[in-house]
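Participant: I'd like to ask some things about the structure below.
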Amino acid sequence: MNPLRTLCVMACLLAVAMGNPQSGNRSGRRSNSLDNVEQPSNWVNPREVEELPNLKEVTLKKLQEMSLEEGATLLDKLYHLSQFNHVFKPDYTPEPSQIRGYIVGERGQKIEFNLNTLVEKVKRQQKFGDDEVTIFIQGLPETNTQVQKATRKLVQAYQQRYNLQPYETTDYSNEEQSQRSSSEEQQTQRRKQNGEQDDTKTGDLIVIQLGNAIEDFEQYATLNIERLGEIIGNRLVELTNTVNVPQEIIHLIGSGPAAHVAGVAGRQFTRQTGHKLRRITALDPTKIYGKPEERLTGLARGDADFVDAIHTSAYGMGTSQRLANVDFFPNGPSTGVPGADNVVEATMRATRYFAESVRPGNERNFPSVAASSYQEYKQNKGYGKRGYMGIATDFDLQGDYILQVNSKSPFGRSTPAQKQTGYHQVHQPWRQSSSNQGSRRQ
């Protein structure tokens, strides 16, 4: 029997025995307010706990086959129930040799490495670190088509930004090859025909495929974020010390659980060097299921000079917690975003949005406004400075920002955000929006 299930049944029975009058009440689960977060025993009964699947049976494929609401409900239950007595221990740490990745070479080739050989491979690259260095830590396995596509879009976008050659077509499946003339590429071609100037620069891209070392939900939930972050942080220290890569040009990006790994890596870098990385970007950071006892973990503002986060499934695979200097919530905090049919697609939209903003000419595709709810944004009652989500985010932005996105690519609306009439405040409590469908409590 699932040990989580056994323990949580006992906990729920105890809650019922204590006579909690709100037991079984789910009326608040569609609220996007962060006040008075419900206890698990208030809305999960023992029968439902018994029906939870074994953790090894929960896969990205199964989550992708569920509706957005079904997948989010399952993850909600697993998360809340996991908090009883720290059921999940963060004890899954893939060996550095198991975590593979690649450097994108000048000719578009993949220069493969594992974490043990990363620094040596970088040393062999001419002019590495002369300009920007972007390190993307992928948080979910690329065996999933949604993850694979989002990662490919991000890599292609940086190839354009850094004037690198595209991958050989043999790197992609037939279905992917047929999609190469997507709306994003067509948009770039139209700009070139109109004589618009690309805002490109040189740089280097490293992809760390942490997600490929995660095989099931049990490993996902028990990922040792602290240890993995320390390992990657130490590699960053080696890059600055032995390859002379200045920390001021390093941009660390993490998707899903890797967003928290990136945060720890930033802190480890600071502990070892006394300096901070320039920027960390979190692409739909997840809830943390396995937490070390009596110790804070995961991403937080202060892990780099500037930390920004894009939340596309705040009540699905992601989290509604404010983790960064500026937190962006496309269409407000909710289970998913327009056009996303399941929780996997919803969480990967953050990567797709960021990739779109990286493409030359698209840097300001995602205008946003500081607001405390989607309803407030729609009624032009937001407050403060307008800003852009994505690669062009201003480093002086703070607080919660909301914007509208399209359901299909191009996702950015590219038009100025609505003028707002309120006053600027930082990280205000969420205000409930009755029109914000699919949202739930964390």
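In case you wondered, yes, glycine gets a Cβ from its N, Cα and C as well.
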Participant: Quick one: which of Ser27, Ser181 has phosphoserine in Swiss-Prot?
Facilitator: Ser181
Participant: Between Ser33, Ser41, Ser334, Ser414, which does Swiss-Prot record as phosphoserine?
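Facilitator: In Swiss-Prot, Ser33 carries the phosphoserine label; others show none in the record.
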Participant: Can you tell me how many other Cβ atoms are located within 10 Å of the Cβ belonging to Ser82 (phosphoserine)?
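Facilitator: A count of 23.
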